[in-house]
Amino acid sequence: MNIIAGINEMQTTARSLKQQGKSIAFVPTMGFLHEGHASLLREGRARGDILVLSLFVNPIQFGRNEDLDRYPRDLERDLGVAADCGVDIVFTPSATEMYPEEFQTSISVSRVSQPLCGASRPGHFDGVATVVTKLFNIVMPDIALFGRKDYQQLAVIRRMVADLSQGVTIVGMPIVRESDGLAMSSRNAYLAPPERQSALALSRSIAAVRNAYAAGERSVEALSRMARDIISQEALLKIDYLEFRNEATLQPISEAAGDTLFALAVNVGTTRLIDNTVLGVCRA
């Protein structure tokens, strides 16, 4: 397994691999890997000749008073996960390598970035789109894999790749959950035991909405009320948003259908957690 920190070395390596006719599968992450990341890596291993993992906590997607400084990091552990999953190259650039002092460019994907997380984290998806574009230019992947837990991020990246003709196949992978239903997230490490117990209300609300939809309920108002009632039973939880949207456009809807995204974000103490489901899709 090759570990590369410099942009020039990574680009030179990628060009050489392309000249050899090798396909590159890419999994961009901020590190502190868990089983959700591992599932992306295993799929990437199956789909590409060369598997590249990036570990980079991207400062420009964090807002003021967010958790950039305390975001969990464990390079040694991450390298162990990477080796176990058959990664060929780990790209570990520094912030100054990615964003030198003269850096000025930003990528913005307008409409799909505005609702949901975009409404409460202004500028976040500009930071995501910018770093992903730069990573694509450096790694030169044929395929890139992302988890569906960050559903809006996936939608932003799909739109960006299509609009800019970036030529990368984007694969969205199912949410991976703990045995008790909590969606895996690097930020789960922040949760104290009582907070983690309260956070299970997110997956309970998703299960309740899916069951009601399967039983014939189509009213978004009724489904929203049901989910909010479940979340509100937990005093430690504060809803940021709880919404039903078209899965492709993220536009609001009034009647649920098979292409309806149910997405929610909840603050648990100082930790922000997100979860989602598409109602017409069988859960993994």
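Glycine is treated like the rest: Cβ placed from N, Cα and C.
Here is what Swiss-Prot records for this protein:
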BINDING   30-37, 147-150, Val176, 184-187  ATP binding site
ACT_SITE  His37  active site, proton donor
BINDING   Gln61  beta-alanine binding site
BINDING   Gln61, Gln153  (R)-pantoate binding site
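Recorded features from Swiss-Prot, shown on the structure.
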residue	record	DSSP (3 states)
Met30	ATP binding site	coil
Gly36	ATP binding site	helix
Gln61	beta-alanine binding site	helix
Arg148	ATP binding site	coil
Gln153	(R)-pantoate binding site	helix
Val176	ATP binding site	coil
Ser186	ATP binding site	helix
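Comparing Cα positions, Val176 (ATP binding site) lies closest to His37 out of the recorded positions His37, Gln61, Gln153. Highest local Cβ density among the binding-site residues Met30, Leu33, Val176 belongs to Leu33, counted as other Cβ atoms within 10 Å over all protein chains shown. For the pair Gly36 (ATP binding site) and Gln61 (beta-alanine binding site), the C-alpha distance works out to 21 angstrom. Of all the binding-site residues listed here (Gln61, Arg148, Gln153), Arg148 has the Cα closest to the Cα of the residue listed as 'active site, proton donor'. Sequence-distant neighbours of Ser186 (ATP binding site) (same chain, 6+ residues apart, CB-CB distance under 8 A): Met30, Gly31, Phe32, Leu33, His34, Tyr71, Pro72.
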